[in-house]
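Taken from Swiss-Prot as is:
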SIGNAL    1-22  signal peptide
DISULFID  Cys29-Cys49  disulfide bond
DISULFID  Cys35-Cys54  disulfide bond
DISULFID  Cys39-Cys56  disulfide bond
REGION    47-54  region 'Interaction with Ca(2+)-activated K(+) channels'
Amino acid sequence: MKVFSAVLIILFVCSMIIGINAVRIPVSCKHSGQCLKPCKDAGMRFGKCMNGKCDCTPK
């Protein structure tokens, strides 16, 4: 059980670090599939739609 808790904490910290590096680009969207190409064109690796704008995560 202690190992499981430690793994959860590590995953939580890693997800926060990745989320901090997200960059919002001025592209409107309705779903995350619309953000893939604009984020790749901006030099980012991943993209998702949040509050109607694309949030991109760097490589």
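Each residue's number is its place along the chain shown, starting with 1.
Cβ from N, Cα, C; glycine included.
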Pairwise Cα distance for Cys39 (disulfide bond)/Cys29 (disulfide bond) [Å, integer]:
12
When the disulfide-bonded residues Cys35, Cys49, Cys54 are compared by other Cβ atoms within 10 Å, fewest goes to Cys49
Whole-Å Cα distance, Cys35 (disulfide bond) to Cys49 (disulfide bond), is 7
Could you give me three numbers for the region 'Interaction with Ca(2+)-activated K(+) channels' (47-54), the DSSP helix, strand and coil residue counts?
0 helix, 6 strand, 2 coil
Enumerate same-chain residues with a sequence separation of six or more from Cys29 (disulfide bond) and a Cβ-Cβ distance below 8 A; give 'none' if the list is empty.
Cys35, Cys49, Gly52, Lys53, Cys54
In sequence order, which same-chain residues at least six apart have a C-beta under 8 angstroms from Cys56 (disulfide bond)?
Ala22, Val23, Arg24, Ile25, Cys35, Pro38, Cys39, Ala42, Met44, Arg45, Phe46, Gly47
Let me know the DSSP-derived helix, strand or coil state of Cys56 (disulfide bond), please.
strand
